[in-house]
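A quick write-up on the structure given underneath.
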Amino acid sequence: MKVTIDGQEIEVEAGTTILQAARMIGGESVPPAMCYYSKLKGSGGKCRCCLVEVAKGSDADPRPMPKLMASCVTGCMDGMEVNSKQSDRVREARQSVTEFLLINHPLDCPVCDQAGECDLQDLSFEHGKSKTRFIEEKRTFEPEDIGPNIQLHMNRCILCQRCVQVADQLTDNRVHGVMDRGDHANISTCISKAIDNEFSGNMIDVCPVGALTDKTFRFKSRVWFNKPYNAHRECTTPGCCGKTTVWMFGDEIQRVTGRKDVYHEVEEFICNSCRFEHKDPSDWVIEGPREFDKDSVINQNNYTQKLDTVHIATEEGILKGREQDRKKISMPAIPLDKEQEEIFKKGNL
Amino acid sequence: MSIETISLSGRKKVVSNKEMTFFERMYLIAIVKGLMITIKHLFTRKVTIQYPEQVREMSPVYRGQHQLKRDEQGRENCTACGLCALSCPAEAITMKAEERKPDEKHLYREEKYASIYEINMLRCIFCGLCEEACPKDAIYLTTSKVLVPSSYEREDFIFGKDRLVMPLDIAMQNAQLKNAN
């Protein structure tokens, strides 16, 4: 099937959603996603961040879809034409969705441990307004303790329900879920039952905001002051791959997380023993620095790329320019004649 | 012409070693020329001021010693978000965060506070980017004329919270001023 997203064509298999097709293309036209998680079945369709405009339904039925569609749950059709970031209507809709998501969000990024790797921050940076129109009081919840390793900040939650799906699909008995309805809806454990499953820590990784954070890392550092490294260890827990990213500050491992890809989705889930109990550098085999998006704040002050030594030959450099620059400037398409070439080599042109 | 001999600035001059004539060696014209310059400067505007009596106007963007502000209730504004340290081009700021205890609510405004906040004044270039980055209105560059007092020890230039946080009595004064208005 052929799909066109923002003018870029791609061949996809039947059953692919628009969001997946857009991710195959990559770049600017990928819709942001707060609730969709490719590793979790049945996720998506809740946050409405990934709205796209379908300008042409399919080859068989070329009428455009009247309303904006959630790209994470809309399947591709043959000959479909989709406008993502290109369309003003889509951008406006995403702006409104962002505004709605931020209505009850406490905006306590300076305090929040997720700041710097938060999907909602990225979303509001790209699609948000810098002003609020909401003058009513924000919805708040009583702080609730859900165990020794995970900190729940219900005020920051956007109800994407990824954490509920993690518990459903990774563990055999889920003890938390969405309580109450409407504005009062919240993620909670029934009668404050502590979450103690061996894979519960993955809730932290899938949470797009700072609602679920690592208690062992609480207020220890900001993510951009840590140096992330890929590391692995022999993990005996069944189902755990032992491949993680360790976040170091000096010689100290402050936090262990799963390896997240460009869409902030973990490559493989890890167990709690890797995440919370192994904070000694001798437990891990460090593979090398983890790389992030070019404009991620995590890259601040981390020099993962090897820098070339710069040799400045002042005397020649000022007049003729560096050798490599002179090569760049010269146009191979328009060759010099023999005489000129000789003069150029001498640098007297 | 080869590139080495071209004068890119246009100010390159070939020095001549020509012998001076007798008249030139008397320097009469040269002395008169020099005197003319001196006399001309007697009538131009003075660039100096009589310092202790006269004081120059401060620039409105003057940036002096840093201060960590307190709010009207005397609580520290800083929440150790690390944005000042992130924005600092000289990497002069370091901090360590701590969680506020329930009985410290009168000391710190937010759930998290900076237990250690240090600025290395030898590194600081007083650019004011920390002030610009601060989301909590906590760090300010004051108009204090003392930038960094001199000292013999390097350690004395690492300013901790004891020297950076606004004194309580000033915070109280500010609160009173605000109420009076």
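Each position is counted from 1, following the chain as shown.
Backbone N, Cα and C define each Cβ position, glycine as well.
Taken verbatim from TrEMBL:
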type: DOMAIN; residues: B:69-98; note: domain '4Fe-4S ferredoxin-type'
type: BINDING; residues: B:Cys78, B:Cys81, B:Cys84, B:Cys134; note: [4Fe-4S] cluster 1 binding site
type: BINDING; residues: B:Cys88, B:Cys124, B:Cys127, B:Cys130; note: [4Fe-4S] cluster 2 binding site
type: DOMAIN; residues: B:115-144; note: domain '4Fe-4S ferredoxin-type'
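Annotated features, which come from TrEMBL, shown on the structure.
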residue	record	CB count, 10 Å
B:Cys78	[4Fe-4S] cluster 1 binding site	28
B:Cys81	[4Fe-4S] cluster 1 binding site	25
B:Cys84	[4Fe-4S] cluster 1 binding site	26
B:Cys88	[4Fe-4S] cluster 2 binding site	20
B:Cys124	[4Fe-4S] cluster 2 binding site	21
B:Cys127	[4Fe-4S] cluster 2 binding site	15
B:Cys130	[4Fe-4S] cluster 2 binding site	24
B:Cys134	[4Fe-4S] cluster 1 binding site	21
Cα distance (Å, whole number) from B:Cys130 ([4Fe-4S] cluster 2 binding site) to B:Cys78 ([4Fe-4S] cluster 1 binding site):
12
Within the domain '4Fe-4S ferredoxin-type' (B:69-98), what mean pLDDT does the predicted structure show?
92
Mapped DSSP class for B:Cys78 ([4Fe-4S] cluster 1 binding site), helix or strand or coil:
coil
Interface-proximal binding-site residues, chain A, C-beta separation under 8 A, candidates B:Cys78, B:Cys81, B:Cys88, B:Cys124, B:Cys130, B:Cys134:
B:Cys81
Sorry to bug you, but what's the C-alpha spacing from B:Cys130 ([4Fe-4S] cluster 2 binding site) to B:Cys81 ([4Fe-4S] cluster 1 binding site), rounded to the closest Å?
12
Compute the mean position of the Cβ atoms of B:Cys88, B:Cys124, B:Cys127, B:Cys130, which form the recorded [4Fe-4S] cluster 2 site, and then list in sequence order the other residues of that chain whose Cβ is within 8 Å of it.
B:Cys84, B:Ser87, B:Pro89, B:Ala90, B:Ala92, B:Ile93, B:Ile119, B:Ile125, B:Phe126, B:Gly128, B:Leu129
For B:Cys130 ([4Fe-4S] cluster 2 binding site), what is the secondary structure by DSSP, using just helix, strand and coil?
helix
At the Cα level, what's the spacing in Å between B:Cys130 ([4Fe-4S] cluster 2 binding site) and B:Cys84 ([4Fe-4S] cluster 1 binding site), rounded?
4
